[in-house]
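**Q** Can you read through this structure? Questions will come right after.
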Amino acid sequence: MVGLGAIRQVSRHRQALMFALTTPAMSSKVVTRNSVLFLRVSCKQCLSSSNLVQMRSLADSKQVNDNVEKIRRGESESVGNPEDLPHFRLPAVQSASEKASKSTTSAGKKEMPPIGTYVLPHPIWTEEQLHEVKVTHKQPDCLVDRLAYRTVRLFRGGFDVFSGFKFGTRNEKKWLNRICFLETVAGVPGMVAAMMRHMTSLRRLQRDQGWIHTLLEEAENERMHLLTALQLKEPSTLFRLCVIGAQGVFVTMFSISYVISAKFCHRFVGYLEEEAVKTYTKCLEDIDEPDGPMKHWRTQPAPDVAIRYWKMKPESTMRDVILAIRADEAHHRIVNHSLASLSKDEFNPYKPGK
């Protein structure tokens, strides 16, 4: 019978707590949890079947043995259903959060929280910081740096030609295609690097020196850039297929590269972010062009997800969104160049959200 071993343990320790059977009108249910004996009692006169009354007393050996015999004779019910005892608390005193989690819409489905409700810490930029971002370049210092820089330049040139961005007028369609596609790639390095360092920490039974949280924050930040841009674009089937192909190739290449040289990968991302700052600076120039095809972004309202994520003013526009994204990319530029200059066992100087 379930619970007999635990009941005998209660008898040996003589320190168990139990529900007392106080009147003949009460029926009992034996429930054991960590050497503590509980009896679910239901009084025909004053208690409903769902109420729980917790009456604690020390159980002596006679009481325990009597209950064991009742179980053997089949006079008590089976072991209690855990659903009747959620965390051994009375249903009447469940927290407000538990009640809220059970609330449903009129259609019977739980409400979906808006995009960006659950996010990791990330910088919130001031107006001054947004306009202080400059296009910068770190000169390669060694063979690894030069290899990383040339790889980025090769990827940048190839993508400009392949996407048609280098030819014709840069209109909204071209900009959204470029932003969406590049952000699907930009979200890969942080996640792959964080996973690699996480597995290394587990395998070596050592601490990570604080790198993982920064890398995960970077990956999520790039993904939020993508989700923001997707508020203005409905990806086609061809676009989705290109994303799948690029992700498969890039994740594989970056993972192998990180195993070989983490320094190369972080320097690569640092130079990649330099190019991203150039790209978004060029986008701002197109927006500010008086009669250009992007001038409407000066007045087009920012998506709600952007306002929530960057804590922007309600009247913010798409131009403000591009400023915030550019500031994020400039921050990733500094962080990855810094990590590339550190030994993999050195402490990460960037605190969460910094």
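Placed from the backbone N, Cα and C atoms, the Cβ positions cover glycine too.
Reproduced below are the annotations present in TrEMBL:
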type	residues	note
REGION	92-113	region 'Disordered'
COMPBIAS	95-107	compositional bias 'Low complexity'
BINDING	Glu183, Glu222, His225, Glu329	Fe cation 1 binding site
BINDING	Glu222, Glu273, Glu329, His332	Fe cation 2 binding site
**Q** Work through the binding-site residues one by one (Glu183, Glu222, Glu273, Glu329) and point out the residue whose CB has the fewest other CB atoms within 10 angstroms.
**A** Glu183
**Q** How many Å separate the Cα atoms of Glu183 (Fe cation 1 binding site) and His332 (Fe cation 2 binding site)?
**A** 13
**Q** I want the residues beyond Glu222, Glu273, Glu329, His332 whose C-beta is within 8 angstroms of the mean position of the Fe cation 2 site's C-beta atoms, in chain order.
**A** Ala186, Glu218, Asn221, Val269, Leu272, Ala276, Asp328, Ala330, His331, Arg333, Asn336
**Q** My understanding is the cutoff is Cβ-Cβ under 8 Å with a sequence separation of 6 or more in the same chain; which residues meet that for His332 (Fe cation 2 binding site)?
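**A** Residues satisfying the criterion: Glu218, Asn221, Glu222, Val269, Glu273, Ala276.
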**Q** Going along the chain, which residues six or more apart from His225 (Fe cation 1 binding site) have their CB under 8 A from its CB?
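**A** Ile179, Glu183, Ala186, Ile325, Asp328 - these are the non-local Cβ neighbours of His225 (Fe cation 1 binding site), listed in sequence order.
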**Q** Inside 8 A of the center formed by the CB atoms of Glu183, Glu222, His225, Glu329, which other residues of the chain have their CB, for the recorded Fe cation 1 site?
**A** Ile179, Leu182, Ala186, Gly187, Asn221, Arg223, Met224, Leu226, Ala276, Ile325, Asp328
